[in-house]
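Trainee: The structure is given below, and queries will be raised subsequently.
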Amino acid sequence: MGKYFGTDGVRGEANLELTPELAFKLGRFGGYVLSQHETEAPKVFVGRDTRISGEMLESALVAGLLSVGIHVYKLGVLATPAVAYLVETEGASAGVMISASHNPALDNGIKFFGGDGFKLDDEKEAEIEALLDAEEDTLPRPSAEGLGILVDYPEGLRKYEGYLVSTGTPLDGMKVALDTANGAASTSARQIFADLGAQLTVIGETPDGLNINLNVGSTHPEALQEVVKESGSAIGLAFDGDSDRLIAVDENGDIVDGDKIMYIIGKYLSKKGQLAQNTIVTTVMSNLGFHKALNREGINKAVTAVGDRYVVEEMRKSGYNLGGEQSGHVILMDYNTTGDGQLSAVQLTKIMKETGKSLSELAAEVTIYPQKLVNIRVENVMKEKAMEVPAIKAIIEKMEEEMAGNGRILVRPSGTEPLLRVMAEAPTTEEVDYYVDTITDVVRAEIGID
């Protein structure tokens, strides 16, 4: 990670850390880096989620892009993966999404996609950071006909919706409950599933700029669980603020997380001979039960660090077409270049329809070990150095010895927030509580700032 770019673009509290001034510079410098080898006038797509700060940052970012002669196509409110899809399929030089994903409304972020639809590599981010840190802005300042042109492009959203519908199968009145997190999916999910013929119940569809991810969406699926049971829906589908994640709910109101979603899709593709190298790419956060289910099914796995960018890197390097995270990022490389919650939802309902099985039946093949994750607020500088603290290192080693191989512990820094994450898995909830609570007590005493 660099000075400005984290694991998922530039993020911070809007107007305090991620300021309009910084957004202008990111537009100007990022646009220049991503388009300097273009022979024709470069075109960049810009999208945003529903945060109150989105239009402020969008205006500043767009001004920066226009100032270096880039034509900007403004997409409005739509999902992050829609930006990636449109960049790749419509020949744009780059795409930019203004969103802080699952974070609360006070935060926002800016992430770039290259002309291939993939998030930027470390080298491109380093080029942009070097320009941000330069003492003087020496980039070209064209005037008159050299300036970029701003185009409103709402049809981009319709194209994305149509594409997702084309990957699915008619649902013939299947009862589906949606939770669009008062976020980006609020402009598209209802239309997509209506076009597929589903009978819909929708919550989290009234964004006001402040309620994105607030007690709704993939990080707060409790409301959707109740709606599924009350409405008699066959499935509930919860997206996060920018709709790059999906958490599902089965007909009984039980959670089906990213691990189970990956398993269901992976098994389906494997049976059809369509799972590249019969392998799923996952991260160190995936549950032991997920790994055991893959072993029983004879499906291989490749394991990466936490973060969908690392999953995508491994998929591109080795030619895999399915990967993801327990949190609900699922990358279906045959369809898009990044995690796409609505695409995953369309594929999940297609599998239910084609197999004739309920979601609970499909998910039952993965027995999830009890898992507990606790986030501890620490100074940003300390989250990377936690494992160097002797007391923290010692307590983790002690807990791992007690587990004797029947469970696991993972302590890692958040890529986007000043948090240290402590996770444990074990056969019983009592054991999990003991391991996590023991470790977090030591971490808080040593470096916590709560």
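Backbone N, Cα and C define each Cβ position, glycine as well.
Annotations per Swiss-Prot:
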type	residues	note
MOD_RES	S101	phosphoserine
BINDING	S101, D240, D242, D244	Mg(2+) binding site
ACT_SITE	S101	active site, phosphoserine intermediate
Trainee: Roughly how many Å lie between the Cα atoms of D242 (Mg(2+) binding site) and S101 (phosphoserine), rounded to a whole value?
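Mentor: Checking the Cα atoms of D242 (Mg(2+) binding site) and S101 (phosphoserine) gives a distance of 5 Å.
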Trainee: Applying a 10 Å Cβ distance cut-off over all chains shown, what neighbour count does D242 (Mg(2+) binding site) have?
Mentor: 36
Trainee: Have a look around D240 (Mg(2+) binding site) and count the other CB atoms within 10 A of its CB, chains all included.
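Mentor: Excluding its own Cβ, D240 (Mg(2+) binding site) sees 34 Cβ atoms within 10 Å.
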Trainee: Using a Cβ cut-off under 8 Å and a sequence separation of 6 or more, which residues in the same chain sit near S101 (phosphoserine)?
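Mentor: S101 (phosphoserine) has long-range Cβ partners D8, T80, G109, D240, G241, D242, D244, R245.
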Trainee: What other residues of the same chain, not counting S101, D240, D242, D244, have a CB atom within 8 A of the CB centroid of the Mg(2+) site?
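Mentor: Filtered neighbour residues, in order: D49, A79, T80, S99, H102, G183, A184, F239, G241, S243, R245, G339, G341.
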